[in-house]
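Straight from Swiss-Prot, the features:
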| type | residues | note |
| --- | --- | --- |
| BINDING | Arg78, Arg103, Asp130, Pro131, Met132, Leu133, Ala134, Thr135, Gly136, Ser137, Ser138, Asp199 | 5-phospho-alpha-D-ribose 1-diphosphate binding site |
| BINDING | Ile193, Gly198, Asp199, Ala200 | uracil binding site |
Amino acid sequence: MPIREIRHPLIRHKLGLMRRADISTKNFRELAQEVGALLTYEATADLTLENYDIQGWAGTVSVEKIAGKKITVVPILRAGIGMLDGVLSLIPGAKVSAVGVARNEETLQAHTYLEKLVPEIDERLAMIIDPMLATGSSMVATIDLLKKAGCKEIRAMVLVAAPEGIAAVEKAHPDVMIYTASIDERLNEHGYIIPGLGDAGDKIFGTKQKDA
């Protein structure tokens with residue numbers, strides 16, 4: 001199964017705070033960034049390094065850097081923006097590509113309305129970020145788009161994932177690893193994750209939440 005649930009105590013603690021029904025926009029937004037940063041730490045643990053020489057205080061010293069072109073972070077709009085600052089706090093030199101995906105509330109199917117990809121994306125690791133992996137349709141559509149653009153290495157980070165979404169991504173793109181803070185129980189009849197976080201986009205942006 002192409003998924004890794006990160007059960008670090010800090011992540012579990014922060015995710016518990018995010019599940020509160022009475023959480024403020026400010027606190028939800030800050031916690032989304034913090035958990036995004038912690039997931040980034042785990043999702044980049046196996047990146048390839050290369051050596052190079054620098055002038056240190058005592059002379060030349062060999063140090064390491066991440067090999068290859070700069071990573072591109074791919075937030076799925078709009079909710080993915082809520083994790084972006086947390087990811088960039090650890091990878092400040094990353095390039096940002098943006099993909100806008102909207103979900104039909106009746107069919108639960110996704111359609112892409114925006115794509116702004118960085119140059120030479122075929123030579124970069126792409127890290128997709130989205131708070132929720134529910135039906136998986138938005139994630140699958142984004143991966144489809146990236147692969148069509150030539151991207152060969154793709155990873156995804158989500159705060160909460162439903163088994164249905166995991167299965168959809170695994171079926172369509174078994175080569176893409178998903179990192180999540182929690183694998184939750186299920187989707188309800190409206191396509192919301194249970195117990196989930198509610199509508200993460202509305203909580204991040206302070207807009208009116210729909211009934212689950």
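Just so you know, glycine gets a Cβ as well, placed from its N, Cα and C.
Sequence features, as recorded in Swiss-Prot, placed on the structure.
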| residue | record | DSSP class |
| --- | --- | --- |
| Arg78 | 5-phospho-alpha-D-ribose 1-diphosphate binding site | coil |
| Asp130 | 5-phospho-alpha-D-ribose 1-diphosphate binding site | coil |
| Gly136 | 5-phospho-alpha-D-ribose 1-diphosphate binding site | coil |
| Ile193 | uracil binding site | strand |
| Gly198 | uracil binding site | coil |
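When every Cα pair among Arg78, Arg103, Asp130, Pro131, Met132, Leu133, Ala134, Thr135, Gly136, Ser137, Ser138, Asp199 is compared, the largest distance found for this 5-phospho-alpha-D-ribose 1-diphosphate site is 17 Å.
Among the binding-site residues Asp130, Met132, Ala134, Gly136, the ones whose Cα sits within 10 Å of the Cα of Asp199 (uracil binding site) are Met132. Ranking the binding-site residues Ile193, Gly198, Ala200 by the distance of their Cα atoms from the Cα of Asp130 (5-phospho-alpha-D-ribose 1-diphosphate binding site) places Ala200 first. Closest by Cα distance to Arg78 (5-phospho-alpha-D-ribose 1-diphosphate binding site), from the binding-site residues Ile193, Gly198, Ala200, is Ala200. Annotation for Gly136 (5-phospho-alpha-D-ribose 1-diphosphate binding site): same-chain Cβ neighbours under 8 Å, separated by at least 6 residues, are Glu164, Gly165, Ile166, Ala167, Ala168, Val169, Ala172. The two recorded residues, Ser138 (5-phospho-alpha-D-ribose 1-diphosphate binding site) and Gly198 (uracil binding site), show a Cα separation of 17 Å.
A distance of 11 Å separates the Cα atom of Gly198 (uracil binding site) from that of Ala134 (5-phospho-alpha-D-ribose 1-diphosphate binding site). When the Cα atoms are compared, Met132 (5-phospho-alpha-D-ribose 1-diphosphate binding site) and Ala200 (uracil binding site) turn out to be 7 Å apart. Counting in whole angstrom, Ala134 (5-phospho-alpha-D-ribose 1-diphosphate binding site) lies 6 from Ile193 (uracil binding site) by their C-alpha atoms. Take the binding-site residues Asp130, Asp199: by the count of other Cβ atoms within 10 Å of each Cβ, the lowest one is Asp199.
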